[in-house]
Every structure is written in C-alpha cells, then in structure tokens.
Amino acid sequence: MSVPLILTILAGAATFIGAFLGVLGQKPSNRLLAFSLGFAAGIMLLISLMEMLPAALAAEGMSPVLGYGMFIFGLLGYFGLDRMLPHAHPQDLMQKSVQPLPKSIKRTAILLTLGISLHNFPEGIATFVTASSNLELGFGIALAVALHNIPEGLAVAGPVYAATGSKRTAILWAGISGLAEILGGVLAWLILGSMISPVVMAAIMAAVAGIMVALSVDELMPLAKEIDPNNNPSYGVLCGMSVMGFSLVLLQTAGIG
C-alpha cells in the first residue's frame, strides 16, 4: 500500500476520534474546537498558496494560463458544489440551545452526514494527489484534514446518539463521512496510479490548491467563528501557518523538502 493512500486513510479515520468523543460525552471545549479549525485553515492556506500553486506553475510544460486557470477552476468548483449540497453544517448540531425532538435530530444528522460525505469525497482525492506529488506537502494536508474531521465526527455522533441511544449507530453514521474521504483516496489510487503525466499532475495540484483555499475561507474559518464567537479564529490560522512554515523550513534545511 502506498504512503499517500495511507495518509488519506489516516486523515479520514480521524472522523472516528470525534465520533467516540461524541458518544462518550467528553466534548472538547468550543474554544479548542475553534482553534483547531483555524489551525487547519492556516495549514491549508500556507501549503496551497506558498507550496502547491508555485510548484504547479513551475512544473515542466505547465503554462501560467493553465496553472492559474486550474486554480480558479478549483475555487469555483468548490463553491458550485457547496451550493448544490445539503446546507447542514456541524455548528447546526453542536450549538442547539433548545433540544429538538429525537426524530428531528436524527433527520438533521442524516442530512449533515450526507453533506459531509459528499464534501469529504474530493478531500480524499486532494490528499492523495498532493501526497503523490510531494510527500512533504501530503503530510501537511493530511494533518489539516484530520484536524477538521474530528469536530465533524463529533457533530454527527452526538446528536445521533441522543436520538437513538445507540453508540454503535452513532459511530456508524459518523464513520460514513470519514469512509467517503477514504473512498475518494482509494479511487484516486486506482484510477491515477502512475499513469499520469507531470503536466496533468501539476494541473490537478493547482485545482486542489484552489479547493483548499476555498475550503479554508468559506468553511473552516467561518465555522470556527460560529463555534466560538468570543475568540478570533485568526489566532489559530496564524499558529497553523507558523507551525507549518517552520516545519517546511526545517525539512528543506535538512534536505528532505
């Protein structure tokens, strides 16, 4: 099994961490969840804009028009899919001040699971493609994806457990969204494999960079602010950028990057 595929599987499996937290009743503080989402956004933004897009543009045979065009395509593609998907977000379930009826919770959780699954599928592809092109960047993307998968698993498992009283059912529903990400990585592994030219890989990387930027500014940062409105998610973003940037410098200094 390839290392990029293993990274994708581990990132998707992080959903189960949130699921177990949801059924065990040990919910992390909103401040910690918000910081982790901002941290993940910072990692994604720095890797996308400072590493992935420049690397794609520098690839042999890649034209600036194609490179920037694929980046814009990734941005617009994300926003297009976001408008088409069911608009239930983790904060819709994590911040209920009045406890809804069990059936209402279950229905909302199912819609949320569907939306997150469709949203996670291309993330699995993105993680695999990035790690296949550059393993160093793949580690960073996998870490960022794993960090924001934890509150997603928590957001689904908690309400389903409240509605059904079954820990197994709650973990199952939460795990579906994580499995969708793993499925995306497996399909990318089966379809792409080694039969892809450097230009095509660079074009895909540019599109993935656009998707990651859109995900960070449209989903992760607003979600962090909604989960913890009393604190600025920018602190998490800055920390994520700083840690990722410092680690990249260390790797490059050591001759690994």
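Heads up, residue numbers simply count up from 1 along the chain you see.
Keep in mind that glycine also has a Cβ here, set from the backbone N, Cα and C atoms.
What you see is a predicted model, and the numbers here were worked out from it, not measured in a lab.
With His148, Glu152 listed by Swiss-Prot as binding Zn(2+), the candidate from Glu123, Glu226 annotated for that site turns out to be Glu123. According to Swiss-Prot, Asn120, Glu123, Asn149, Glu152 bind Fe(2+); the candidate from Glu60, Glu181 that the record adds to this site is Glu181. Straight-line distance linking the Cα atoms of Glu181 (Fe(2+) binding site) and His148 (Zn(2+) binding site), rounded to a whole number, equals 13 Å. Long-range neighbours of the transmembrane segment (171-191) within the same chain, counting only residues 6 or more positions beyond its ends whose Cβ lies under 8 Å from a Cβ of the stretch, are 2, 4-5, 8-9, 11-16, 18-20, 22-23, 109-110, 113, 116-118, 120-125, 127-129, 145, 149, 152-154, 156-157, 160.
Of all the Cβ atoms in the protein chains shown, 26 others lie within 10 Å of the Cβ of Glu123 (Fe(2+) binding site).
In this structure the alpha carbons, written CA, of Glu123 (Fe(2+) binding site) and His148 (Zn(2+) binding site) are 11 Å apart. Here His148 (Zn(2+) binding site) comes close to Ser36, Leu37, Ala40, Leu220: these same-chain residues lie at least six apart in sequence, with C-beta atoms under 8 angstroms from its C-beta.
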